[in-house]
């Protein structure tokens, strides 16, 4: 369970840092009168905070899968997952779509609406390409004798990529709605916020993907072993 | 008034029930009297705290009940009192935890002279395996299980040939000798539980678990399953007979070994997966 | 007296909380069925939770009939008994307690107590309820499929949960259970995001965190915990579904079931247990923390005294919430995990007892020198303290690793967790309903019926679960449909029959409570806006019951904490939170 505990430690540190600025040691019974502060977390819109909380949940979900992988790895029947090279192409595509959405964010900030629309569309299309690529990877795995129940590494690969893909699909729905809003152009502020939230979500899912890949390929445990040796 | 009285009666009733009720643990039959003592210490500390809290509550309810003209005190906090209570609680908790951890250390440290006895659980019966003359249990695994090898003892491990197999019978143990109980399951989770021995441990398919104890009195003790294992869970019973050494030796002499079970036919090996 | 301007954040320029656009319903369906008003969603959540809770109650009756009077009821076979305990446990823990505390009280009270018009994402909030309802329906459906619901115990331990030796294991029972849990978690996450972000972003002006009522603190912390803990159950359920349906071996080792070698191999049931309890232990506090918060407010209001040690109470809630994530394996002392984990988890478990004990002291110390009105909410709060103290203290037996060894998997455990997370939180739910019903409906609940309900429930529940500890001490394992006299030196049949009678009576008293809920809707005494003369914001709404949008034209502004009761020098014995009030020099030590 070490991965999820590390994840929770990070969450706890963020929460603790925030709580430490909330005057938790003040004596509220002595402080009668109007306190002239905005109540919320700075000026961030609720949707952004909501996304942040949601990402903590999603992060916890994948961290738990990570913990399940590391616990399962310790049993005798674990052997190394073999992955097709298309996975690396997929990874590159996902990096690309994440970068393109970041371009969209800066385009939105500078008000370049043509570039904004184009980059949102490119981001969506490249993400679709990623999903298709993942399906190809599944097919290759089945053909190479690593079907779902063949060995635990493969089982985890299907479950984790599947769930990751579902999260991406959900993101695509949000991105499509944002794109529609941009094209109609009647609520530019909301559309811009939408682009920003999508970009954050994409970066996050990219990090999750890289982490899961490293774990399933055994790199993460190699790294831990290396660190242990250094210590 | 009536509320305070009922709270008082509740505490009194609980204490009286604790003192006079015939429902108490079974007479111990193993070396784990320490567990009982830790439990008694915990009973005393928690019992006193419970009585104190509820009696204080009853007093408050009686003394500070609403009456015309009554006004509550204004006291947001009292740092000294709170620190004092925290420290007292921590001491009480430590007083329970420390002996608990010390006894746990003994519980997980198996003495080197302990003899191994294997208990195998399956839906819904118990089987036993003793190491035989060489004092070693042979390797085992579910892939060797067959009609004439119900426990899945490896036919390739020479240590297993003289293992004594007890299928469907009682487990016999000599008094006063520490035993390391090695636990194995062929299907689902079970838990080897003899109330009089205090110790228990789950049996997990795919893994071997263990605990140890020393029987300290002779007699017949019923084995229960303490981890839900399906429909027959409550009916998965057996007995442990703790005997004097001579009686035990006599019993042991009548048992069959793994090799003798296998002899009539050539060993059949299930295909490796 | 400390000055407001001493605060470090006093230099921040004033900013109005942006008023949220409210989705106003235009149709009957939008108003009464697909409502986006948190208060209405709260009632939907609570109604559904209570309805499914009644099913759980009836199941407990059936179990107690079998245990108290074995051999009389032929239809309660071992299979049926295991299905009853499983569904009873799952329904009560997840679909009743979690749903009603967070979905019910959370939805109703958070926006009102922090001075918001509604939750921040009303549409998502509505979806949350409908997915929850779907989860409940899937759960109920499992009663009607061939083979019936799963009988794997609420812990659903593999391998037995998905094998044929367990009722529903090879049928649809276990599948529906897992699907229902997955749905519940998705639905809860939607609601949970709302509760958290509303507390973070939608508090009205002046409502600093340290001015929030403890109810909000409890529900907020519990929601954060639930958002982080439920994914563990989600992961476990998904992986088990794969094992059951698609033949993977995440949790399934090589095994021979009833003479037949199955195709599984290599997996570990212990991995499931770790995931399950990583959710399961925080779950205890997900139920307990809202109860802690609510009971603090009940005690304070009805004793006309501020909650003693408010800061300590807040810190304790946060610390308990954080610590509860590193104690999970105390449910697994005899599971066969590495024995050295026992040292760590016993220590963390007993450490968590300290902040919990402090909370109990502070509740009792709030009563000290109070002006105690023995209203129904107060009675339930007192009963909560008694049962929670009892159940919490027996937790020290089970948390202390070596004491747990003889007691684990016996009726002692059943008695302990029912007392601490069954009886105690449910008493708080009752107290809370008696307390807030006037705000929700404008009418008081009937006092006479309430008194009967209280005494039967409190004394009856104590009479069920206190003696049950001793059944466990004797050595009777839990999850035994039949406790014959053969294996224990002291027969427990008489005690079991007594417990069963008490359980039947307590269950019957709940019918009276439900009747009271309906009867008082029409016939209850008119309550007025603030019948308990309470400080916190929900009692200061312009309308009772509050309308959609909660507040009139302007949001309330908060000038003080939620506990200004019996302030020396004040004309009345309470000052509402949004009352600028007379400036009173509080003569209290700094």
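Glycine is treated like the rest: Cβ placed from N, Cα and C.
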Q) Among C:243-266, C:411-434, C:531-554, where does TrEMBL put the label transmembrane segment? A) C:411-434
Q. Taking every residue in the domain 'Cytochrome oxidase subunit I profile' (C:29-559), what is their average pLDDT?
A. 93
Q) Do the transmembrane segment (C:214-242) and the transmembrane segment (C:454-473) share at least 3 Cβ pairs under 8 Å, sequence separation 6 or more? A) no
Q | For the transmembrane segment (C:172-193), sequence-distant contacts whose Cβ falls under 8 Å of one of its Cβ atoms, 6 or more beyond its ends | A | 83, 86, 90, 94-95, 98-99, 102-103, 106-107, 121, 124-125, 127-132, 134-136, 138-139, 141-142, 145-152, 156, 161-162, 166, 223, 226-227, 230-231, 233-234, 237-238, 240-241, 244-245
Q) Going along the chain, which residues at least six beyond the ends of the transmembrane segment (C:40-62) come within the CB cut-off of under 8 Å? A) 32, 73, 76, 80, 84-85, 87-88, 91-92, 95-96, 99-100, 103-108, 125-126, 128-129, 132-133, 136, 139-140, 440, 503-504, 507, 510, 514
**Q.** Stretch of maximal Cβ-Cβ contact with the transmembrane segment (C:411-434) [cut-off: under 8 Å; candidates C:82-110, C:284-301, C:454-473, C:493-515]
**A.** C:454-473
Q. At least three Cβ pairs under 8 Å linking the transmembrane segment (C:284-301) and the transmembrane segment (C:454-473), pairs spaced 6 or more in sequence?
A. no
Q) For the transmembrane segment (C:340-364), which stretch among C:82-110, C:376-399, C:454-473, C:493-515 has the most Cβ pairs under 8 A? A) C:376-399
